[in-house]
């Protein structure tokens with residue numbers, strides 16, 4: 001912390017690096033945290049790369065649902081990689097520094113993949129609506145060209161919104177301190193360090209976060225209202241159970257990702273406290289770890305493809 005204090009400059013100059021305090025300041029805890037989060041990162045990569053490989057190699061998984069799932073797995077792997085390597089190094093090193101350009105790049109990449117994930121989850125909700133409510137027109141509603149266009153739009157929106165959030169976050173002067181009370185360069189702790197007028201920039205960020213949240217969660221909510229209505233009209237209990245299981249995995253991911261994300265970014269700046277780090281670990285580290293396992297363990301097609309792939313490897 002003292003080292004960070006020495007590094008800050010006056011408001012007429014730009015600082016050249018920040019100090020990330022991390023999850024815990026006690027040196028005794030650092031090796032334990034390193035071991036835990038190294039396992040989390042390894043399983044995150046294995047799970048998501050495994051999903052991408054299965055979808056790519058198994059012809060039975062070449063459907064819109066798994067096309068979107070493949071991109072969600074790619075996003076989760078990148079999302080975690082933006083934060084984890086630097087975090088793991090900081091656990092074993094006394095040097096907690098991150099350069100100014102490195103901090104900008106980390107925030108931009110984090111926001112980019114976070115926005116892409118929001119829109120992919122919304123697209124997957126629409127995919128489930130099409131599969132449950134219009135199964136006979138499913139292929140017509142989601143041809144390959146439409147699927148590619150939807151995913152491409154998600155990446156384009158992620159690129160644009162990440163540029164807006166990053167420019168607003170770094171658009172002022174940092175003169176109070178260069179010490180970030182977080183384990184990565186996030187919007188909220190960085191805005192706290194700004195000594196210039198940040199009210200307008202906070203309003204812009206809040207407006208765009210709200211807009212993204214309303215659009216994506218609105219698509220998810222409307223899709224599932226139609227889905228639940230269609231499920232309740234089904235006469236067969238077996239069909240209702242199958243439809244519910246099809247959507248349950250996606251809903252679990254949505255609640256975990258959106259719940260912790262809204263808690264962090266849609267509360268007043270004066271209300272932020274130590275729980276922000278806890279919430280951040282869920283939507284940045286835990287969700288990318290759990291997503292492939294949630295979809296795989298509750299999905300017969302994925303489990304069947306996995307077992308077939310394992311048999312080929314063993315033979």
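Even glycines carry a Cβ here, placed using N, Cα and C.
Whatever TrEMBL says is automated annotation, not expert-curated.
Proximity of distant same-chain residues to the transmembrane segment (32-55), defined by a Cβ-Cβ separation under 8 Å and at least 6 residues beyond the stretch ends, is recorded for 23-24, 61-62, 66-67, 69-70, 73-74, 76-77, 80-81, 84-85, 87-88, 91-92, 285-286, 288-289, 291-293, 295-296, 302, 305-306, 309. Look at TrEMBL and you will find 32-55 (among others) tagged as transmembrane segment.
Residues belonging to the domain 'G-protein coupled receptors family 1 profile' (47-295) score a mean pLDDT of 85 in the model. Per TrEMBL, the feature domain 'G-protein coupled receptors family 1 profile' maps to 47-295.
As annotated by TrEMBL, transmembrane segment applies to 67-87 (among others).
The feature transmembrane segment is assigned by TrEMBL to 107-126 (among others).
The transmembrane segment annotation in TrEMBL covers 138-164 (among others).
Long-range neighbours of the transmembrane segment (204-227) within the same chain, counting only residues 6 or more positions beyond its ends whose Cβ lies under 8 Å from a Cβ of the stretch, are 115, 118-119, 121-123, 125-126, 128-129, 132-133, 161, 164-165, 168-169, 187, 191, 243, 247, 251, 254, 258, 261-262, 265-266. For 204-227 (among others), the entry in TrEMBL reads transmembrane segment.
Sequence annotations record features per position, and here TrEMBL assigns transmembrane segment to 248-266 (among others). Residues 114, 117-118, 121, 124-125, 128, 187-188, 206, 209-210, 213, 217, 220, 224, 272, 275-276, 279-280, 282-283, 286-287, 290-291, 294-295, 298-299 of the same chain lie 6+ residues outside the transmembrane segment (248-266) yet bring a C-beta within less than 8 angstroms of a C-beta in it.
Listed by sequence, the residues of this chain that lie at least six past the ends of the transmembrane segment (278-297) yet keep a Cβ under 8 A from its Cβ atoms are 23, 37, 40, 43-44, 47-48, 50-51, 69, 72-73, 76-77, 79-80, 83-84, 110, 114, 182-184, 186, 249, 252-253, 256-257, 260-261, 263-264, 303, 306. If you look up TrEMBL, you'll see 278-297 (among others) marked as transmembrane segment.
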